[in-house]
């Protein structure tokens, strides 16, 4: 029978201490239910999936970086992001084990784990901001890029960022100790609504600034890169139009030539895709931080502790969802990572340099450029030979091409 149907006046004459004790017991029961559901049962499958996917991504990235199949400076920053992601997943799993198997959940222990859980947000911010600045510097000073941006300096930035993260964790734990440890609390006189709240408001404000700064740097980078590309393309178009040999070339042929140029090893659209997942799935955590910063009631969080932790539990699920989504997007969009992953599984991937699309593009370019029948035939033979070997050498004659065509045109990686 429900307790609401019980008619009694025994609880109206409770003292203040008894009412406070009853409130604490009810809050503890509600808080324990929140912990076991949102921090335990719902988090367990997502954290395990995040550990598996991130581990596969780390192994594939390490193999691609060591074999120099990708841009090492860019992918070592993405490797750093994955380290923060797997750290957060491991901390989430530790929290799951604690809240599910502990006889009584201690909220101070949960907050201790939470101090390290934000490592994924921190590493993603550092990686994406540095990647955007690398792209920006490559456009701003392309001649100094290789001299100034080295692999060693990228590693130094990563190490420095993790030292800063450890300093933030030490400060958080130190202020918490001033409030929770009785001896230190007697010495400092700190309370949860004063010292601890001020520390968390400062950290949340820094989180919001970091989030906005990452997006701002990427937007500025995109605008400046597009502006530089438009400026460069204007000169290319003018050179095409003034050349006596290519006066009859159409804009379609110009685009075909540009499509045949070597592309970036880490194009900007891939970075934009990662920034989109970072901004879209971390926005809930940022809104949470903004709400705590703008709230002026010192006791609001403590009075509504169970509800606030329930909201934070939902926010944590979105952060782990981003961790699971990033490796999947990388494997789907990055051919080199996918090839390294297949090689680790023992699957050999065959790649043909004589793809029909590549031959058709080169034949179309040849048909539009040639004006003489014999020149068209010789040039067409050279293009077929070039397509067979994946090079752009024009020193091969048609007779050499006939010999070359008899060989193998497929390569196994």
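FYI, residue positions are counted from 1 along the chain as it appears here.
Each Cβ is built from the backbone N, Cα and C atoms, and glycine gets one as well.
Taken together, the residues in the domain 'G-protein coupled receptors family 1 profile' (50-225) have a mean pLDDT of 89 on the 0 to 100 scale. If you look up TrEMBL, you'll see 50-225 marked as domain 'G-protein coupled receptors family 1 profile'.
If you look up TrEMBL, you'll see 390-413 marked as region 'Disordered'.
Here TrEMBL flags 42-62 (among others) as transmembrane segment.
Long-range contacts of the transmembrane segment (82-103) within the same chain, counting only residues at least 6 positions beyond its ends with a Cβ under 8 Å from a Cβ of the stretch, are 35-36, 39-41, 43-44, 46-48, 50-51, 54-55, 57-58, 61, 109-110, 113-114, 116-124, 316, 319-320, 323, 326-327. Annotated transmembrane segment per TrEMBL: 82-103 (among others), in sequence order.
Marked as transmembrane segment by TrEMBL: 109-134 (among others).
Residues annotated as transmembrane segment in TrEMBL: 155-179 (among others). Listed as Cβ neighbours of the transmembrane segment (155-179) (distance under 8 Å, sequence separation of 6 or more from its ends, same chain) are residues 76-77, 80, 108, 111-112, 115-116, 119, 122-123, 126, 130, 185, 188, 190-192, 195-196, 199, 203.
Annotation comment: TrEMBL describes 205-225 (among others) as transmembrane segment. Long-range contacts of the transmembrane segment (205-225) within the same chain: residues 118, 121-122, 125, 128-129, 132-133, 135-136, 139-140, 268, 271-272, 275, 278-279, 282-283, 285-286, 289-290, 293, each at least 6 residues beyond the stretch ends and with a Cβ under 8 Å from a Cβ of the stretch.
Annotation comment: TrEMBL describes 271-294 (among others) as transmembrane segment.
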Tertiary contacts of the transmembrane segment (271-294) (same chain, 6+ residues out, Cβ under 8 Å): 78, 121, 124-125, 128, 131-132, 135, 200-201, 204-205, 207-208, 211, 214-215, 218, 222, 301, 311-312, 314-315, 318-319, 321-322, 325-326, 329, 333
